[in-house]
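Written out below as structure tokens is the structure these notes cover.
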């Protein structure tokens, strides 16, 4: 399998994630789509690291995973408290933060 | 013209100014504590100044004495020293101001006896005397200007003395503003002198005025004339003087008849070296004088307010003086002599009018007078003598000094001379008419008093000054022209008098003037004396009378030319400033604020739209990067 | 004592005083104002001592102090005064104690505490001293901007009903000007770095360098905009009427009396010597603004119904005269302009103070709410008149000398502009006398008749009511009770005459007005050397105007 296959797969995953973030209302699903995008990026990083024979990209991927884990913790906590107050997990219901 | 250093009493001539100034300061700062003796102090300072002035004059002996005081302003090449110049010309004025001033102070003790603010009245009078003395004693144009505006202030304060009356307050403001218009001229003249000659002292300017270009001298002369017109109530700035009669009558006598309004004549006479260089400016002075003396005389014929008649008479008489000084060297002495005699008889007339008003419960409408001759004998006699002196009854003072002016006018010899002389003679007839009308309406005929008015003679403290001034009115002309000629006293100032070649023999002029005067008296008797005077002014009168009543529409012209457009302009500018200038700034602020809130609308609060814009942004950035690296 | 750091002390004392006042516990209002008065008197004393230590015939800048501040950019904390700055320091020294006494009984608006007022006032004094004493352009800029903060709070916290609007407007206007100036200051630094090899902000060093005319013009405009807004010249003026009207009286006095003078001071100190060619080239345009301001603002003053706005507009007209004097480039005119800065501070300060006293009595700022005050309060009317006469530059008052010098000095070089400006003295008489007639003369009107429309709780000096005004220096108080006024029936004595405290405010100011009106030479002697130096910087003859007579020319 050539480099291109990995990259195309990553692009497809990223697109699915991006479209999911844009079109889905459920916060959990949006959240999972964000994870999907992050992992597609991870895949790209690892691919390039493998291709260039260095470990920089893999290190970066680890960083992303760590940050993603932290983000999941904070994000899920926000969604939980949002659900508690509003009885809904729809992102469109949380629209107070504007002008 | 050599200047002698100050010695003897003259070195202390600054006391002339300091005495009344100190009086004013004590009375104003001392407050009610000085109420009981304030009028005495005020009178005392002026009497003391008169005594000092008299002694200084006796020591003068035809010299020019310069008294250096201190450096007023000195910066760059401008050097203004506070200094006094005591010469025959200023001596004459000092004696007039302090002499007539002292008499009027005495009169005021009685006239203002019942006014709770008498102390302040005397303070203002003292302030006036001080400023007026500074005006005539200063040895440079800046000192003159300081005194010039100082008397304007005193005049403002005194016209508005009864400031509860809106008419008095308005008249005071009008006087000050119209004077200020004149002051602009005087100020600009001073600026021009400094720019051209680098000095503002009399000695410096008069010594070097010969080196100036003719146009410049004419400009200076005309600007000085504008200042003189403002202060002396000459055309086109004459409208304030009749309104100034709103002030207490002693003020009208002192400031608006005898002294302050003659300051313009003083200015022109003092600036003789300038006017000698510029026939153009002198011609304008002549024109102003001739025009004003007619305007004043015509307006005087139709007034019903006794003080207004006298005010227009003052305007007219000062016109005579302007005419005289405009004639140049031949006229200076004649003009100044008339100024002095006018100071006596006009002050006397005003004091008499004040006495009448005092008796008539402050009534000023002559249609409400009548038959006062028997009730107020002293007033009648003194007023009558002043009247005769003013109309130029033979061998009284007006006769000598007015004739001298008319003679000097004829002596020009050209057509203009005849025109000016003719105008002056005509105005003499008008003077006789309006003054006779005044006499007839006030002292003769059937009483037309308001019910409840009981005329009575004024107290001695008021009549005594009137008597003294009446004596002055009778004798001053003879003394100044024949016995102790003013001409020789003023020789050190104006040079040796030239032996004038008379175009028209003096005797002819005298006879002519006397005949015209008699005609004026006769006409007045025909129109006023023979008939019953209506208590209210007739409404159906000729256009001429109507124009004369409104003083040839001077106020109307001023209002429609300056006041209304000014008010309109002010309103328009206020609107423009609020809406235009400030509006532009506020508009800019509002535009920024508005666009910011419109941009704020894009913040919908929906997470997904933010995500979309982030994605869009990322795509744009990536696209741009690609474009750059590829291209 | 000659090396005593007078200027540093004059900055430090009020700053420390401000901190001390602010640190006082709640409820110690009395102590706060006593402390403020004490500190301001100390500054006055320092100003007088500085004047004594200053040698009029000596170096341009004296009593210098210099401490390196930001060495990387060549910024020094450099202080020093020439005659021009010195007279401004004297003006500050005189005005602040007067303002403190005048505001003695002010009540705070809303939840504010008067302690804050006194603290801001003292801090403002410190900044004002700094701005005049700085000889480092960067330091000047810092004080120039820092000065805004206390004034912003004085207007915004203690002002009239529209104080927030006025304060923000004041702040924004000044800030815009300040930022443009900052650009010019940095530009100047860059130019100096190119010319001298090492950038500097020191005024004396900057004065020496030759700047390319095109660059000069840009830098000049940068400084000019800031100063023209501050001064203010038409058309940058609309913030002043709002600020002057809404500021508390004390603030308004300092705003118009001192703060705005930084603008005209800046013209003389920075625009002329640093950019002489640009100054000469652009002078006609500045003069157009100046003369337009004299006439325009005077006409506008006549059309105002609010007394404080009216006084603000008169100030704009006066600033026109000052700008005329500065940009006429003659020693006489510029000396007059500097003297005008001092005299205007005194005269207009007095006018603001006395208008404030009137407003404190009537509770209204509108001219139409007053009338016939002179009969009931002759002393108040007298002081009002003196202030007004000083404002219209009557001879015998201090303003006359300065206005006369400005005009006579400008005439030889700029006859047309001077003639137009001279017309302004008629307009000045009009607006002063109209105001005086409407408020003081005539029968009692407005607040003098009706029951007081409101207790003037928010207005200044309201607490005075209890103080009986008997036996005060003038003594003419209540002399009018027996007045024979025609409309005497309904006229009850609604307006008290001046109290002792108010006399203590007015008397020194009136004394200065009269004294400087008759003997201004000592101040002129202080000012002239610095002006002459500026004139030689800008290429004019420092010895003054030379008469044109020998040339047979008229114009």
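For all residues, glycine too, the Cβ spot is worked out from N, Cα and C.
Annotated features in TrEMBL:
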type: DOMAIN; residues: B:73-122; note: domain 'NADH-Ubiquinone oxidoreductase (complex I) chain 5 N-terminal'
type: DOMAIN; residues: B:139-424; note: domain 'NADH:quinone oxidoreductase/Mrp antiporter transmembrane'
type: DOMAIN; residues: B:434-527; note: domain 'NADH dehydrogenase subunit 5 C-terminal'
type: TRANSMEM; residues: B:12-30; note: transmembrane segment
type: TRANSMEM; residues: B:37-60; note: transmembrane segment
type: TRANSMEM; residues: B:89-109; note: transmembrane segment
type: TRANSMEM; residues: B:121-138; note: transmembrane segment
type: TRANSMEM; residues: B:184-202; note: transmembrane segment
type: TRANSMEM; residues: B:208-230; note: transmembrane segment
type: TRANSMEM; residues: B:251-269; note: transmembrane segment
type: TRANSMEM; residues: B:281-302; note: transmembrane segment
type: TRANSMEM; residues: B:309-330; note: transmembrane segment
type: TRANSMEM; residues: B:416-440; note: transmembrane segment
type: TRANSMEM; residues: B:461-484; note: transmembrane segment
type: TRANSMEM; residues: B:504-528; note: transmembrane segment
Between the transmembrane segment (B:121-138) and the transmembrane segment (B:504-528), are there three or more C-beta pairs closer than 8 Å, counting only pairs 6 or more apart along the chain? no
Most Cβ pairs under 8 Å with the transmembrane segment (B:416-440), selected from B:208-230, B:251-269, B:281-302, B:309-330: B:281-302
Might you confirm whether the transmembrane segment (B:89-109) is in contact with the transmembrane segment (B:461-484), defined here as three or more C-beta pairs under 8 A between residues 6 or more apart in sequence? yes
Could you count the residues of the domain 'NADH-Ubiquinone oxidoreductase (complex I) chain 5 N-terminal' (B:73-122) that DSSP puts in helix, in strand and in coil? 29 helix, 12 strand, 9 coil
Winner by Cβ pairs under 8 Å against the transmembrane segment (B:281-302), considering only B:89-109, B:208-230, B:251-269, B:309-330, B:504-528: B:309-330
Apart from its near flanks, which chain residues at least 6 from the ends of the transmembrane segment (B:309-330) lie with a Cβ under 8 angstroms of it? 228, 232-234, 238, 241-242, 244-245, 252, 256-257, 261-262, 264-265, 268-269, 272, 275-276, 282-297, 299-300, 303, 336, 338-339, 342, 346, 349-350, 353, 366, 390, 402, 404-405, 408-409, 411-412, 420, 424, 427, 430-431, 434-435, 437-438, 494-495, 497-498, 500, 551
Find the member of B:89-109, B:208-230, B:504-528 that has more C-beta pairs under 8 Å to the transmembrane segment (B:251-269) than any other listed stretch. B:89-109
Counting only residues 6 or more past its boundaries, what in the same chain has a CB within less than 8 Å of a CB in the transmembrane segment (B:89-109)? 16, 39-40, 42-43, 46-47, 49-50, 53-54, 56-57, 60, 118, 121-122, 125, 129, 132-133, 136-137, 248, 250, 253-254, 258-259, 266, 269-270, 336, 339-340, 343-344, 347, 351, 354, 461-462, 464-466, 468-469, 486, 489-490, 493
Where else in the chain does the transmembrane segment (B:208-230) make close Cβ contacts, counting only residues six or more beyond its ends and a cut-off under 8 Å? 148, 178-189, 192-193, 196-197, 199, 236-238, 263-265, 267-268, 271, 273-275, 277-278, 280-282, 284-285, 288, 322
If you run through the domain 'NADH dehydrogenase subunit 5 C-terminal' (B:434-527) with DSSP, how many residues end up as helix, strand and coil? 64 helix, 0 strand, 30 coil
